[in-house]
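According to Swiss-Prot, the protein has these features:
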COILED    96-134  coiled coil
COILED    284-331  coiled coil
COMPBIAS  101-113  compositional bias 'Basic and acidic residues'
COMPBIAS  241-251  compositional bias 'Basic and acidic residues'
COMPBIAS  265-278  compositional bias 'Basic and acidic residues'
COMPBIAS  296-316  compositional bias 'Basic and acidic residues'
COMPBIAS  451-462  compositional bias 'Low complexity'
COMPBIAS  635-658  compositional bias 'Basic and acidic residues'
COMPBIAS  659-670  compositional bias 'Low complexity'
COMPBIAS  778-794  compositional bias 'Polar residues'
DOMAIN    553-625  domain 'RRM 3'
DOMAIN    678-761  domain 'RRM 4'
DOMAIN    795-872  domain 'RRM 5'
Amino acid sequence: MSNTRICVKQLPKHLTDKRFKEHFEKFGTVTDAKIIKKDGKSRLFGFIGFSTEQSAKNALSLNGTFIDTSKIVVETATVASETTENRPWSKYSIGSSSNKRLTEMEKEKEKKELKRKQDKLEQQSNKKQKKSHTNSLLDAELENDPEYQEFLNLVAPQANRKVWENDDKEIGKINRGEEEGEEGEENDNQVEDGKLPFSGKKKIELDHGKNKDLLVFEDADASDEEDLYEDMPTAPKKQNKKDDVDSIINEKKKKHDSSVSDLDWLSKFRSNNDEIIEKNQSIVYRDEEESEEEDVNNKENKKDKMKIDDNKENKKEKKKDKKKNKKDNDNDGDDDESKIKPIKYFEHDYTKEDEDVGESGRIFVRNLSYSTKEEDLEKVFSKFGKISEIHIPIDYDSKKSKGIAFILYLIPENAVQALNDMDGKVFQGRLIHVLPGKAAPAKQFSENKDNNNNGAEGGSSSFKAEKEQKQKTTSGSTHNWNALFMRSDAIVSSLAERYKMTQGQLLDPNQMDLAVRMTLMETHVINETKKFLEDQGVIIQDIGNKGSKRSNTVLLVKNIPFKTQEHELHELFSKFGELSRVVLSPARTIALIEYIHPNEAKVGFKNLAYSKFHHVPLYLEWAPEGVFKLPAPPKEIKKSEKSEKSSDSSNDKKEVESTTKTAATTTTTKKGTDNNTQFVYIKNLNWKTTNETLVGKFKSLKDYVNVNIATKANPKNPSERLPCGFGFIEFSSKQGAYECIKKLNGSSIDGYEISLKLSDKNETNVQEINKRRELPENSKQSIKSNGGQPNKPSSKIIIKNLPFESTIKEIRKLFTAYGEIQSVRIPKKPNGGHRGFGFVEFLTEEEAKNAMEALGNSHFYGRHLVLQYAEQDKNIDELREKANLDYEKIKNSTF
C-alpha cells in the first residue's frame, strides 16, 4: 500500500483539528485530519491523510519546523498490523537495547542476592554445627549426672512420656529411698484426687484432639488465658523429691491394678471434650440455619430484581405499542408471559440476510475518502482478481460520495483474499475497513408500463417476458455490442425524407439488388453520422474498438426510430440523474447520452436497457472511455451555442447533402484544422505528471485551448495506459504559442526540466498518436492465423460472417463502388453451399483500404460484415523457387 498517511508529534495543546488540517493543505488534498485525544485533552500527536502519495512525501518536509512555539516531528505513519514495524526503543519493550541492559542488571542483582542467601545459610549452618558440638559435649558431661536426669524426667510433659519408660529407674530409686516412703504415699493420694502437690491448682483438658493436660488455678476464670501459661512453681526442697517420685510410682501401680474397672480408669482421663463438641455442633447448626436464611433472602432479592426488569420491559413494550397505534388487545397476555420468561436481547440473524463472502463474492468497504472514484478502487482491488462491479453510493442532494463502496468480484475466492489483505490498510490517507457485503438487491425499476403494453397487443406472454428479463440481465455483456448499429427502417425513413421520396420508391422491390442497395444506404448514413460525431468532438476511432476500456458515464443509444427528438431522449434519461449533454445524429439513428455522475448512469443503463421506446426496444451500450475530446460545456454556454447553430443550420444542411451524394465512393475524412491553430510540443515530462498538472501550468497563458499527454498501451495490461514522456499544447493563435515557448521553455514541472518547441506535424489530436501505438482491431484478430504477427495491408480482403443467401454477383456489386475489383472468390462446401466467408481482391491497396473503412460497420442481409486484410498470393517466381527447394530435398533424400 502507498504511504499516504503521516504522523505528527509534539503538537501544541491548544491546536484544533481545523487549524491542524489547514497547516498541511498546501501540500495537497487532505482526506483526514485527526488529533488524538483522551478524556477531551490532546495527547500532543495526530495523523494527516492525503489523497496521493506524492503529497504525503512533500509534507514530510515540515519535520523539525514549528507550530507556534512547538517543534513538531513529522514522519510516515505505519499500520499496527504491518509486519515492518520500527525498532523498539522503550526499556519495557523486548528487543530494545535499554530493555537488554535492564534485564542484564536484574540478572546480576539476582545472582548477588542468591550468593548472599547462600553465604547466610552457610553461616547459620556453621553456627548450628558449633552449637551442636558444644551441646554434645555438655550432654556427654551431664549424661552421668543423676540429678540432671531426674530434672529432665520431671520437666518433661506427661504426653511425651511413656508409662513404662522409667519403671526400672523408679523402682531402683524406691529401694534406695525407703526412708522417705511415707511422704510418697501422701503425694500419691494427692495425685489420685487429680491435683498436683502444690495447692490451689487443678488439672483440666481443653484440647480434645491432642489430649494435653494444662494447669489452671482453682480461683482463676476460665477465660483468663494468661493463667494458662503461668510459670511453673518453684520446686520443693530436696527432702520432698523422694516423696514426689514415690507418689508417681504409686499412681502407676494403681493404674495397673486389676481390681480397678476399665470405666473407672478411663473416667480419670475424661475432659471437657464432650462439652466443647456440643458447643461446636450448636455453632454449626446455627451457621447452617443462618446460611439458609441468607440464601432465601438472596433468592427473594433476585426475584425482586427480575420483576423490576420485567416491569421495565413491559413499560417499553407498551410505549412501542402506543407509538405504532396497534389495535391488538393481547398486550396483557404478553405482559404476564414476560414476567415469567427471561429477558430477551435483540440478535441480528446474519444467516438469513448476509451471505458468506465466499459465496456472494461481494465486499463492503467503508471509511473511504469522499473524493474516491471507481477508478481508484479498481486500481487497488483489481490485483486480487477480475472485478464485475464497483458501486459507490452517493448523496443525491450533494452528488457526493458517502464514504462507502461495494465491490463485486467475478470469482468469490478473490473477494475472500481482498477481505483478508485490505482490511485495516491505508488508502488515500484513511484506514479503510473491509467487511463481507450483502448480495445486491434484486429489484428493478419499472417505467413506461404503458409503452410496454403497446409493444405486444393483449399483453406479453410468459415466454416473451422471460426473454425480455434475460436480455436485461445480459445487457452489460459486450458479446453482442455493435457501436454503430442502426435500424434499417430508420435509415430508409431518413433517406426518404431527405430526398423527398417514399420508402417504396427508394427501395424499388422490383429490382434484384435490394440487399446491396440497403447495405450501401446504411454505409452512407454511417459515414454521415461519423462526420457529425467528429464535429461534436467525438473520437470516432474509439467507438468501433471493442477492446477499449468503457466509460462509466457515457451511453450509446441505438435502435431508436426516425421520429425520435432530442428533448424526448433528454426527458427519458433525466429521470435517473442529471445529464451533461445529449448528442443525436442528423439521421436520428444513434445518440450519445452523458451523465454527470457514474451512479446515475448505471441506474439509467439498468432500467432502460431493452425497454420500449415508442414501439421499439432501446439498445444501450457503454461508450469507450475518453470518447469526447473536451468536457461538456456549462449550461450558459450551451444556450449561446444553440442560437449560433440555428443561424448556421441551413449551411450545415447543404454541406450534408453534398457529402452524402459521394459517400459511397469516398471514405471518412479527418477534421480539418484551423489555419490559426498552433500546437507546441513538450518533451522530457515526468512519468508521474498528469494532464491536470499541465493545465494548471499553462492555462494562464494567452490563447490557451487545451493540453494532452501522449500515452501508450501497457504490454502487460492492455487496458492500462502509460505516459510517453511528451505531449502537445494547443493554442488558438501563433502568438500564444510563441509566447508560451518564450516564457516557459526550460522551466521545471515535477522536478523535470521541460523543453518546448513548435510541433512539426501540427497534430490536432493526441489520441491519434496514441492510436498509432496500438494494434488495429482487425490486425489483432488475425495475429494467431499469421504466425503471431499482425496482417499487413494488402489489396486482398477476407470477408467473414457472410450470409448464406449472398452470391458472388451481389458481393461484386457491393464492393465495386469502392474500387476496381480484380477477383471475387467464395469457397464452397461439397453439398454446393458456400462456407460463410469469401475473398475480394482489388487492384490497389488504397482501394482495399477505402472498402474496409466504409463497410467495416455495415450489415448485409442483416449480418455484420467482418473485414480483414488477407495474405497476398505469391507470384510465379516465388512458387518456382519453392518448387526447386522441394525438389532438391527429395533428390538428396535416400530411400
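Heads up, the Cβ atoms here are built off N, Cα and C, so glycines get one too.
Sequence-distant neighbours of the compositional bias 'Basic and acidic residues' (101-113) (same chain, 6+ residues past either end, Cβ-Cβ under 8 Å): 91. Taken through DSSP, the compositional bias 'Basic and acidic residues' (101-113) splits into 13 helix, 0 strand, 0 coil. Applying DSSP to the domain 'RRM 5' (795-872) sorts its residues as follows: 20 helix, 26 strand, 32 coil. When the domain 'RRM 4' (678-761) is classified with DSSP, helix, strand and coil residues number 19 helix, 35 strand, 30 coil.
For the coiled coil (96-134), the mean pLDDT of the prediction comes to 87.
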